[in-house]
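For SER243, the entry in TrEMBL reads active site, nucleophile. As annotated by TrEMBL, Zn(2+) binding site applies to HIS77, HIS193, GLU439, TYR489. Under the heading domain 'Neutral/alkaline non-lysosomal ceramidase N-terminal', TrEMBL lists 1-518. The feature domain 'Neutral/alkaline non-lysosomal ceramidase C-terminal' is assigned by TrEMBL to 524-688.
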Amino acid sequence: MGYADPKQVGTGLRQRLYSRAFIVGDVDDPRSRFVYLVLDTQSGDTAVRYGILQGLAELGPSYEVYNQHNVAVTGTHSHAGPAGWLNYLLPQITSKGFDSQGYRAIVDGALLSIRRAHESLQPGYLSVGTTKVRGANINRSLLAYLANPEKERAQYNVSADDDGSVEKDLTLLKFQRASDLRNIGVLTWFPTHGTSLLGNNTLVAGDNKGVAAYLFEKSVLGDATAADNFVAGFSQANVGDTSPNILGAWCEDGSGQMCSFENSTCSDGKSQFCHARGPFFRVQDNGATSCFEVGKRQFEPARTLYTQMQSLAESVRGPVKAFHTFHNMSGFSFLLPNGSEARTCPAALGYSFAAGTSDGPGAFDFTQHSGNESTTSPVWKVVSRLIKDATPEQRACHSPKPILLDVGELHSPYDWTPNVVDVQAFRVGQLVIIVSPGEATTMAGRRWKNAVRGASAALLSTEPRPAGATATPSPVVVLGGPANSYTHYITTEEEYAVQRYEGASTLYGPHTLAAYINVTLSFLRYLGAGAPLPPPHEQVGLFPPDNSNQSLSFIPGVIRDGTPLWKRFGEVVADVERVYRKGQRVRAVFVGANPRNNLRLEDTYAAVERLSLLKGEQAWTRVRDDGDWSLVFHWRRTSEIMGSSEVEIVWETEESAVPGVYRIRYYGDAKSLGGDITAIEGVSSAFSLI
């Protein structure tokens, strides 16, 4: 997915991407359940969600309980995953259109994870806790955040290292089975962008959330408290204005200066040299070391909280409820809490959208906050109007946003962005999950959660107390997303007025947040105990389009794979050395083939094997695969004419690695000119790790 840069083309794999499915149901009412999916993708998506729902319907009668209302498809917001699978045209442009192969991989992986969760459903217990996460996020648009009322900001300014400009709370939901009281998984919410891996990274990975999940799942192997196949989901929260690049934004132009506070530019007045720095920015590895560190900083407090919750935790008890609605934001009129009327607008993006952020600066002469027709080349005014000249009414509706792209009124060859959005919420007991289709900023998320918390408290006060409870539990409200679709950003009105990147990317005008809150609260009654099921979507009759079968694609297919003269597939081109010390990089290069011939789902392209004794005989045992952060798979085409490729596999040996004798193995698939695909393998010489 990268940074909307057509030059950022994938070249390999640092970490496998996963779908993690969590199903919560009422043991007394099979219809009352929900599925919360955490995908290692940039966001949820309309076409992906349609594909998942269609796949569930084809799995048979026991899956009929899953429907539009109770399936949430969230993304961890990694910017290091493949692109080309989103439903609308705008995000497809920089990836040469729609990639059916990637789309199917996401849908099929999500379905497989739901099947595994569904087939392992059993009675159990839920508990919830919170902890603080330090050093994993900062506010990248502090100017906009400071536009919020001082009195409101003061509520969250608790200390010198927690000034409230980002949320430091991580909420953890623990799943424990009743049969033996072993834990089967955790689901967490914490906000930080998946932008630790930088714009020069071309390896697929789950970014810092993927690292956190990987570390947590590894940490419970062999733990007496955890069941086999333990699943750790690290869901995104109100991520909009957060950054994992915690050292701030600096000018990479030799000046040694920080970027300007107002518009994130450098001495030349442009944003291209303004780059945010992660904790290990000096390591020249495209952000990988910083990414691992920020993931680790989320994992460690979550793991500590998990241990503490073994003896002391807040039980989650009560009804399981869900609602989902499609809502048209193109001209939605509603009343604000103060009684005044507000209206949303067809989707549009402002000039500062094209400036990008310090996590990934845009191109040309666009800047944040001060970006408009008078501060950029007049060419962009012409281009903007050639694509679609916004009407005076549309411009007035979006004011003070200067419209660059009137995307919500572009429908050729199909819709460029969504106007019909998903609004969804889940409840189990006192826990309420807001499922957001956009990236809510820190304060926008707080306002949304506070509104739902107040309404939920009123709802809970009218219900019988859970068995054993001495008082009505207080609602625990979290926000997860971006989910189900991708509606860009959701800011407060005050932040919107500043028109930095996040405000310029708030699609439906200054009242976008208020509209989401209004619709959420109007459906919240369906989360009440004893409430009827919400109306079926067919009865309402409003659906967003599914463009998966009509999307354009200019992505060339693999024509053939060949080998250099006198070489064979899998042959070692550059072999390992004989001895390595822990901490060194072990490298082997093979004659390879295009990895798109076979995505090897549930499998691997690369492995590290260790020589060991099994039943008194020597045998090679796999100890790493390409799901491990430390084993990196690189692919490059060496000749377009010959169709030849090389694969480089690097093991970044860990200090925890066991000394011994090892070798590296490559797995691939080669395509002939006739289209036949044949599995290939290669193996390095043995080497010692000391």
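Just so you know, glycine gets a Cβ as well, placed from its N, Cα and C.
Other Cβ atoms within 10 Å of the Cβ of HIS193 (Zn(2+) binding site) number 27 in total over all chains. The subset of binding-site residues (HIS77, HIS193, GLU439, TYR489) lying with their Cα within 10 Å of the Cα of SER243 (active site, nucleophile) consists of HIS193, given in sequence order. SER243 (active site, nucleophile): 27 other CB atoms within 10 A of its CB, across all protein chains. Apart from the site residues HIS77, HIS193, GLU439, TYR489, the chain places the Cβ of GLN236, VAL239, GLY240, THR242, PRO482 no farther than 8 Å from the centroid of the site's Cβ atoms, the recorded Zn(2+) location.
Residues belonging to the domain 'Neutral/alkaline non-lysosomal ceramidase C-terminal' (524-688) score a mean pLDDT of 96 in the model. There are 26 other Cβ atoms within 10 Å of the Cβ belonging to TYR489 (Zn(2+) binding site).
Sequence-distant neighbours of GLU439 (Zn(2+) binding site) (same chain, 6+ apart, CB under 8 A from its CB) are HIS77, ASN238, VAL239, GLY240, GLY481, PRO482, HIS488, TYR489, ILE490, GLU502. Summarising the environment of HIS77 (Zn(2+) binding site), the number of other Cβ atoms within 10 Å of its Cβ, over all protein chains shown, is 27.
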